[in-house]
């Protein structure tokens, strides 16, 4: 069937062909992106392209629906799946292919893959998880709505799924600061944790209730964490999320510094008040006043007596 790739209508063939697994062909797969938007909005997906001489084009695949949304040949006009007609635009920007999806619907909540077609193989270039937030209802329950742990502390996130079937896949996603996948669980015995969390994530499930614990949190872990569930025959289900804001060390140090300054000011005021009270009760003058009065009195008495003894009486001499 590969010989049909060289036909003039190969682009249409690739678009409508039932999707077969794409081989990486040695190509390096990029990290998963997460895009969150409201119903009625538009989103843009950027697919990286190799631009080699063996390249035929790029198509965006809707993984769970097992269809191709759009196929963009290397040198021809793009071919759009009729199910997405009048809602999809594409443009080539350097080494990237930009695909824009307008008037989002709740059914657009899906997992998408950018797959580049070469003459003899296909290369999986990128994975995108799209969450279309419905304004009317929420699919999953999640608590708490927000958490404000300190650095090095932990936070518990509880998700209640719509079903407890073992074959339903579960994801914990980051959607704001550093969009990406934190945890993916394909079955009870198979899970994949983001390297950013490594041994810092604890996961347990009982029925349709899932409890996740994020340990040793850092400032860079601050983000909105959303539980998502893949249920067969329905769009990707997800909750409102938990906004986690990790307290920064600088703020704690600054608060401690202000507390110390306030304490020192109180101590200084109390010390001044004590000194003033002591000085008020003690007659300070007797410690600092010099005893000049007695010395002058003695000198004057001595001089007065001396003058009296020396002076002669003129009348006694008969003058």
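Including glycine, each Cβ sits where the backbone N, Cα and C put it.
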Of the ranges 260-282, 283-305, which one does TrEMBL list as transmembrane segment?
260-282
Averaged over the domain 'Immunoglobulin' (32-133), what pLDDT does the predicted model reach?
88
If you run through the domain 'Immunoglobulin' (142-247) with DSSP, how many residues end up as helix, strand and coil?
6 helix, 53 strand, 47 coil
